[in-house]
C-alpha cells in the first residue's frame, strides 16, 4: 500500500513518457479529508474491536478471535500514520517530519497491507478448516495455536515490508523548496535500471499482497459455500432463509475485500508496466491522476471491518451496546435478551431439521451434525 498522491516520487522513478502532467486539483483538499475520516473511524472502530475481543474471558473466545484482533491491530497501526500523510498531501507533497518518520510511517503502511491480508487469509482458512474439515481442524489445533500462526504472519509481513525501510528516504524536489518522501534505489541500481526495481517491487507486492491471498480466500469460501449448501439441502423450507443469509455473508466478505483493493493494485500494476509497454499519454496521465483515489478506497478497508462486525456479528453488537449503556442494568438486560433471541433464531436455522436434534424417523442426531452455527461462521 503506497501513499497515494505522489506516484512517481513514491517509487523513485520519473515518468519516462513525454506527457505533460496535469494534476486533478480537487485531490489536494479531498484526499486529506478522506485520510482524516478514515483515521477517526479506524481508531475508534478498531479500538472497539480490540476491547470487545479482550474483555471476554479466554474460555469464551472463539478460534477466529485471534485473527480478528490481529487484523484490528494491523489496521490500527496503519491508521495512526494517516495524519502524517494527510498533512503531506495537503502541503502539496512537502514532507515536514524528517527522514526517520518518512521511513517508519511508510514501513508501517506496508506492514499493514501484508499483515491485514494475511490475517484475512488466515481467518478464511480457519473457517474452511472449522466448517469443511472439522476433523483435520481439531488435529491441527493440537499442533499449531492461533497465536503462533498470527506471529508467523506478522514476521512474514515485517520481512516483506523491509525494502520500504531500506529504500525510503527524503530529498529536496528539484527547483523547489519542497522535501519529498520517496523510494531511492541509488544504493543498488543505476539511473537507467531504477525502473527494473520499481517494476519488480511493485508487481511482487501486488502478487504477494493481493493476488495469491485473494485466490486462497476465494478457494476457501467456495468450499465453505459448497459445504453449507449441501447441509441446507437436507433441511426443510424454513432453513432456506438462513441459507441465503449465510451465503450472503460470504459474498459480502469477498466482494468487500475485492472492491477495496482491486482498483489500487490494478492501477498500480498498470502504471508499473507502463515503463515497458509505453502507454499512450492520455492513459498514462489517467493512471497517475486516478491512483490517489484508488489508494483512498483501499484505505477505507482499514475502518470498514468494524462496521461489518457490527452488522453481521450479534456478539459484537451486544458488546457495543453494553459499552454504550455504561453498565446500566436495564439496558444490559435488554441487550442480553435481544441477543439471546437472535442467537437462538440464528442457530435454529442451522441445527434443526424436522424437530429439535431429530433425524429421520425421530432418531436423535449427534451434536457433531451442527458445525455451521454462528460460532463457526464468524465473519471477517
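Note that Cβ sites are derived from N, Cα and C of the backbone, with glycine treated the same way.
Per Swiss-Prot, topological domain 'Extracellular' is recorded for 1-30 (among others), and the stated evidence type is a curator's inference.
Residues or ranges marked as N-linked glycosylation site by Swiss-Prot: 15 (among others).
Cβ neighbour count for residue 281 (disulfide bond): 13 (other Cβ atoms within 10 Å of its Cβ, all protein chains included). Residues annotated as disulfide bond in Swiss-Prot: 19-281 (among others).
As annotated by Swiss-Prot, transmembrane segment applies to 31-54 (among others). Same-chain residues lying 6+ beyond the ends of the transmembrane segment (31-54) with a Cβ under 8 Å from its Cβ atoms: 4-5, 61, 65, 68-69, 72-73, 75-76, 78-80, 82-83, 85-87, 89-90, 292-293, 296, 299-300, 302-303, 305-307, 309, 315-316, 319-320, 323.
Marked as topological domain 'Cytoplasmic' by Swiss-Prot on the basis of a curator's inference: 55-64 (among others).
Per Swiss-Prot, transmembrane segment is recorded for 65-86 (among others). Sequence-distant neighbours of the transmembrane segment (65-86) (same chain, 6+ residues past either end, Cβ-Cβ under 8 Å): 1, 3-4, 31-33, 35-36, 38-39, 42-43, 46-47, 49-50, 53-54, 56, 97, 101, 105, 108-109, 111-112, 115-116, 119-120, 122-123, 126, 146-147, 149-150, 153-154, 157, 299, 301-303, 305-306, 309, 378, 380.
Summarising the annotation, Swiss-Prot assigns site 'Required for APELA and APLN/apelin-13 interaction and signaling' to 85 (among others). Taking all protein chains in view, 25 other C-beta atoms sit within 10 angstroms of the C-beta of residue 85 (site 'Required for APELA and APLN/apelin-13 interaction and signaling').
If you look up Swiss-Prot, you'll see 87-99 (among others) marked as topological domain 'Extracellular'.
Sequence-distant neighbours of the transmembrane segment (100-125) (same chain, 6+ residues past either end, Cβ-Cβ under 8 Å): 1-3, 64, 67-68, 70-71, 73-75, 77-78, 81, 84-85, 149-150, 153-154, 156-158, 160-162, 164-165, 168-170, 181, 205, 208-210, 213-214, 216-217, 220-221, 253, 257, 261, 301-302, 380. Taken from Swiss-Prot, the feature transmembrane segment covers 100-125 (among others).
All protein chains included, residue 102 (disulfide bond) registers 22 other Cβ atoms within 10 Å of its own Cβ. Here Swiss-Prot flags 102-181 (among others) as disulfide bond.
Annotated topological domain 'Cytoplasmic' per Swiss-Prot: 126-146 (among others), in sequence order. Confidence for the topological domain 'Cytoplasmic' (126-146), expressed as mean pLDDT, is 70.
Long-range contacts of the transmembrane segment (147-164) within the same chain: residues 66-67, 70, 74, 103, 106-107, 109-111, 113-115, 118-119, 122, 183, 201, 205, 208-209, each at least 6 residues beyond the stretch ends and with a Cβ under 8 Å from a Cβ of the stretch. Annotated transmembrane segment per Swiss-Prot: 147-164 (among others), in sequence order.
Assigned with DSSP, the residues of the topological domain 'Extracellular' (165-198) fall into helix, strand and coil as follows: 11 helix, 10 strand, 13 coil. Swiss-Prot lists 165-198 (among others) with the feature topological domain 'Extracellular'.
Positions annotated as site 'Required for APELA and APLN/apelin-13 interaction and signaling' by Swiss-Prot, on the basis of similarity to another entry: 168 (among others). Cβ neighbours of residue 168 (site 'Required for APELA and APLN/apelin-13 interaction and signaling') (same chain, under 8 Å, six or more residues apart in sequence): 102, 103, 106, 107, 181, 182, 183, 184.
Annotation comment: Swiss-Prot describes 175 (among others) as N-linked glycosylation site, evidence class sequence analysis. Neighbour count (other Cβ atoms within 10 Å of the Cβ, all protein chains): 6 for residue 175 (N-linked glycosylation site).
Beyond the ends of the transmembrane segment (199-223), by six or more residues, the same chain brings 1, 11, 110, 113-114, 117-118, 120-121, 124-125, 127-128, 132, 160, 163, 250, 253-254, 257-258, 261-262, 265, 268-269, 272-273, 275-276 to within a C-beta distance below 8 angstroms of the stretch. The transmembrane segment annotation in Swiss-Prot covers 199-223 (among others).
Here the C-alpha separation of residue 85 (site 'Required for APELA and APLN/apelin-13 interaction and signaling') and residue 281 (disulfide bond) works out to 28 Å. Each residue contributes its Cα atom, and for residue 281 (disulfide bond) and residue 175 (N-linked glycosylation site) those atoms are 24 Å apart. A 10 Å cutoff on Cβ-Cβ distances gives residue 181 (disulfide bond) a total of 26 other Cβ atoms nearby, all chains included.
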